[in-house]
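Annotation comment: TrEMBL describes 27-139 as domain 'Acyl-coenzyme A oxidase N-terminal'. Positions annotated as FAD binding site by TrEMBL: THR145, GLY184. What TrEMBL lists as domain 'Acyl-CoA oxidase C-alpha1' is 284-449. The annotation active site, proton acceptor is assigned in TrEMBL to GLU434. According to TrEMBL, the feature domain 'Acyl-CoA oxidase C-terminal' maps to 496-670.
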Amino acid sequence: FFFDMATRDSGGTEHVLPQERAQATFDVEKVTNLLDGNEKATKRRRWFIGHNEGMGLTDRYNMRREDLFKKHCSDFITIHKKFPNFKPTNKDVQWMSSNSTMLGPFGNHYGLFCVTIQTHASEEQKSWWLPKALRFEMIGCYAQTEIGHGSNVRGLQTTATYDKGAQQFILHSPTLKACKWWPGALAKLSTHAIVYAQLFMEGKEYGLHSFLLQIRDHEHKPMLGVELLDMGPKTGTGNITDHGFMRLTQVRIPREFMLARFQQVTPDGKYIKTRQSGTDNIQYSTMVVTRVSMVAGAGAALAKAVTIATRYSAIRTQGFVDIRSSAHMAPERTILDYQTQRYRLFKQMATAYAIYFMGNRLFELSSTFTEGVGSSDSNFAEVMAISGGLKGLCTLMASDGIEDCRKCCGGNGFLLSSGIGALTGDYLEFPTAEGDAAMLMLYLARYLIKALQKTQSGGVLTSTCEYLNVVGQPGFSLEAQRSHIESTATMFANTSELVGLYRYRALRNLVMVGSDLQQKVLDGMSMDDAWSETSLKLVDAARAHCLYCILDTFAQICASIQDAAVRDVMSQLCAVFGLAHIRDQGDWVGVLDVKALKMSHEALSQMLGQLRPNAVALVDAFDFPDRVLNSTIGRFDGKVYEALYEAAQRSAFNKHDPFEGYEDVLRPHLDLEFLKRGNVVPTASKL
């Protein structure tokens, strides 16, 4: 708590956050290095984001979309033109996105268009297009999703028919449902698009392929046969991306414009496919890159929200320290000192850290094929499945967590100027973009059931499914895998014990739903019907698998930390992540009894107290500059009340007084003579 030091011109809070930081028990810079991967990675990230200094958007919340779009384009090109030969990695692109001052279409150019050319184009095609794309001489987007089809990629209906005589592909949208819908940078920015279409030659279908198509001419007008539209306003204010609609009408492109790293069509119409391991899956590699980046981005988005909410909660006071005092200026309690507030914030803080570490692990798992090295079918299948499930879960946890952080900020969290209010709306697209959580969980569940069947047949599993190998051992039983250690608060504070509980729950859920599926089929039900009838349990099993993977990754990170102080605070956060999901989820029946649940709650309470001195330092470690947070209440210096007042002064609604339209809609109804008197006691009214 602290005494009120406010004046007429100051909120009197500038001393609060320095005091909070002085309580920290660890080196903040070391935790920042841990989040980035290492000290070298931190320097690289700071080098990136250092180039947008002076490009803040203090007035963003009062600007029109058209002006924001223009500024985004100008700033993005200004920064990147300095380094024309720079080829960012997938991790680099994710860093740039997470530290941008607003969401915009150029992320699609770098993160999807350039990546697809890098991974799908032949060496000759790369020489044609990639240098120009990196120099912004051509701007591209990734046109996969259609108005009638999203995550069911094989069901896309845009066609590419080969005309052998002209040696051209004819791209066409045969129905309204086949029109491209949602691609970012499509409506206004891009000159080119990577178009996904079903290949047809002489009446035979060859499946989904990618093609490069110029969609705008030298005057930036749509090309002949290309209809382009912006989709219109969306939820949120900060995402000014021109998500678009594209209808193609018999648009011809050269034969050489089919991306040809793994397959090509000869002039006489022969389809030649490279017989390289993983080729069948490479068509989906950009989708995997996107999902992996979205997992990492979920951690960053939630980290921004919890940074704002934690700093504000350390400053905001509510309720007197001594409730018996009658003095209105008596010391007040900061809201971060209330256990309920502390729980909500530390839960989201722990979740942000957990997702950060899981995102880093996914980048490592996917690097073999996302960087064009190639990989085995089994490795690709696992990363495809787990990245989908984690994308679904992590973006959902981030979206819910951001909103809870906003609520933790009370009324001021509803202001766009708070930063967290804008972030709440801006992030809402991500839980459904590239696939809804439930659908992606079912996709992961299908992979997990196959993995379970493999180990039951004597196969050996690795990586995220390694824990399932016990199922194939002689005499396997679920009960034998269950932990029988006495339940105490100390046990639940141990990350290894928590990982064991989550591992057992994931194993139990999957084995039980696998048994249910098998029994339904034995009873005469088709596999499709059996799958549908058990879909809720399958989603639960996939979710349990994802949470186990996240917690296990977090615990492994903790165990690898050499610095004792950093290891201690990270282990506490890891425990909070595990304990919070025990507290807030009801699917621990058969895993934990009543006594165990009680002890887990006691351990959680202890962790919340132990973490309290490190609250502000832990969010400082996320290392977001003020210009990125763009928040009145999450400022590094803690001067929130001055910032709120200044933001109110900048409101566009304050430019006109009286308000526009006053003369027409309000003045005729007012008693002007009464108002002229001012603050005087009125005479008796004559009714």
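Any Cβ shown, glycine's included, is placed from N, Cα and C.
Bear in mind that TrEMBL entries carry predicted annotations, made automatically and left uncurated.
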Number of other Cβ atoms within 10 Å of the Cβ of the residue listed as 'active site, proton acceptor' across all protein chains: 23
Cβ neighbours within the same chain of THR145 (FAD binding site) - under 8 Å, at least six residues apart: LYS180, TRP181, TRP182, PRO183
Which same-chain residues, if any, lie at least 6 apart from GLY184 (FAD binding site) yet have Cβ under 8 Å of it: PRO105, GLY107, ASN108, LEU112, CYS141, TYR142, THR241, ASP242, HIS243, GLY244
Residue counts (helix, strand, coil, in that order) that DSSP gives for the domain 'Acyl-coenzyme A oxidase N-terminal' (27-139): 78 helix, 0 strand, 35 coil
